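What follows is one structure encoded as structure tokens, with my remarks underneath.
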Amino acid sequence: MLKVRKVKKVRGELRVPSDKSVSHRAVILSAMAEGESVVHDWLISADTLATLRAVRALGTKVQRKGATLRIWGRAMRFQEPSDVLNAQNSGTTARLLMGLLATQPFFSTITGDSSLRKRPMLRVVEPLRQMGAWLDGRERGNKLPVSVRGGTLKGISFFNVKASAQVKSAILLAGLGAEGYTQVEEPVLSRDHTERMLKLFGVEVLTLDTEKGRMVKIEGGQIPKSAEVFCPADPSSAAFFVALALLVDDSEVLLKDVMVNPTRDGFFRKVRQMGGEIYYENLREISGEPIADIRVVGGRKLKGVEVKGEEVPSLIDEIPVLSVLMALAEGRSRVKGASELRVKESDRIRAVVENLRSMGAKVEELEDGFEIEGVSSLKGAFIKTYGDHRIAMAFTVAGLVAEGETVIDNPHCVAVSYPDFYRDLAGITEMSF
Ligand code: S3P
């Protein structure tokens, strides 16, 4: 348990840890590639280490020195693992690995922790079966453990109705080993790191606008070529410091090297719409991803906003911390079309509603989101994280601006994406945790 009290000022410069999505993909693509790849500024966290352990269990040689990885790729030919692969808390590990394993003729099984074993897998299992792989698991393949025996695949044309980047990525990875073309069309473009990184690894990727949205297409039989990848800072981690700085008078924070890919920066855009003062400085690109230094100036009055379904993919992981800003904004806010939040590391709609209410906010739960009527202050409360890293960090921010004491029931779960969160927070708030 951790006790949090109101902070007086938030000032300083910080490079938050590297992007989790990019770090997972850098390991997976390097392992699939031919030759020796180097990954710089890799995120060291429970989730990404689960991916690293899995590719090693498939026979990939990886040398890690701090945050630098040297990976000797298997050129699409892995070894049968001698034990079950454990994705722990990481949906990205489980789902992207299924895509990779579908290309391999051997038997493997993926499991996860108690949270991941509750999450839906059929969204990936079904298209991979359509491509010709054999997959089965609990609840007819919807729940982990899931076993895979892949091999000879054929390309498919898939409509990604939920705009899930994990589903799209799994299919594209499988598509590398399939016969013919594999195409994924989605109503709104979900995070496109896999497409960008495939190009970095020399794979030909076609993207086009369609009547129904966006399409990505690849031809099977391409073996990725080794590459050098620099991972940018994670916008989802930066979001907690942006929110905190916005809520504290006289604060100013500079967040360095943050990825501002338009499929990921919806939170920063939304916050600007609320009246928050936030700038992108020094815009540039690394390893195919746009990055910037983000300057935030606190104390501006925030007003309520709406998040519509089509905006959700670009800020999906930031909704818990966005809800804290909404609770303290003037007027009404609403999030709709976000039912995916129900099947994240926890039921994030329920967790947000329950915790905000216990802090004195006016919140109404919707099936696919929530409505919030802003209040002038929150009061300290006992926060149930449900072991969900983003709930823990979002409500630590809430506790730092609330009156009285807030208790976080399980602060350790931040290790999933941001092991040093409380150390970095101490650095810019001059508080100790
Ligand atoms: C991720 C995609 C998103 C996101 C998750 C990471 C990824 O999930 O919420 O934290 O790395 O591809 P969905 O693809 O299920 O929407």
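Backbone N, Cα and C define each Cβ position, glycine as well.
Just so you know, TrEMBL annotations are computer predictions that nobody has curated.
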**Item:** Listed in TrEMBL for the 3-phosphoshikimate site shared with K20, S21, R25, S164, Q166, K344, one of D136, D317, D368
**Value:** D317
**Request:** Restricting to the same chain and to sequence separations of six or more, state which residues have a Cβ under 8 Å from that of K344 (3-phosphoshikimate binding site).
**Result:** G91, R119, D317, D388, R390
**Fill in**
Counting other CB atoms within 10 Å of each candidate's CB, the least crowded of the binding-site residues K20, R25, R390 is K20
**Structural state of S21 (3-phosphoshikimate binding site), classified by DSSP into three states** = helix
**Message:** Counting Cβ atoms within 10 Å of each candidate's own Cβ, which of the binding-site residues S21, S164, Q166 comes out highest?
**Reply:** S21
**Request:** List the same-chain residues at least 6 positions away in sequence whose Cβ sits under 8 Å from the Cβ of R348 (phosphoenolpyruvate binding site), in sequence order, or say none.
**Result:** I319, P320, L341, R342, D388, R390, I391
**Prompt:** For phosphoenolpyruvate, with binders K20, G91, R119, Q166, R348, R390, what's the maximum Cα separation in whole Å?
**Reply:** 19
**Item:** Assigned conformation of K344 (3-phosphoshikimate binding site) - DSSP reduced to three states
**Value:** coil
